[in-house]
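Below: one structure, written as structure tokens.
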Amino acid sequence: MKPIFIVALLFSTCLVNAKPSIDDAEMKREPKPNIINPPCIGCYYQVGNECVYDKFKCGAVRKREPKPNIINPPCIGCYYQVGNECVYDKFKCGAV
């Protein structure tokens with residue numbers, strides 16, 4: 001009678017401690033994002049596991065104002081600037 005009691009005790013212990021089986025296909029897990037530590041700061045943003053420079057965020061791609069063409073030394077006296085040249089101004093100097 002003892003062997004039957006021991007077998008029954010083991011069987012009942014297994015039933016009490018049994019855990020439900022989990023099918024991995026049914027269980028959906030959200031993937032953890034790859035976060036860089038420390039995170040990308042300033043002019044950089046994260047792509048995968050790397051920090052990439054953002055030229056638009058930091059103003060590297062700005063429309064630059066064209067510099068005026070200034071003659072050095074500037075036109076003086078009876079001359080005025082037209083483009084990159086000094087042109088004689090006959091009205092300014094009283095030649096007319």
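Including glycine, each Cβ sits where the backbone N, Cα and C put it.
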Cys58: disulphide-bonded cysteine as recorded in Swiss-Prot, out of Cys43, Cys51:
Cys43
As recorded in Swiss-Prot, which of Cys40, Cys51, Cys75 forms the disulphide with Cys86
Cys75
Most isolated by CB count within 10 A, of the disulfide-bonded residues Cys43, Cys58, is Cys58
In Å, rounded, how far does the Cα of Cys43 (disulfide bond) sit from the Cα of Cys51 (disulfide bond)?
9
Between the disulfide-bonded residues Cys51, Cys75, Cys86, Cys93, where is the Cβ count within 10 Å the lowest?
Cys93
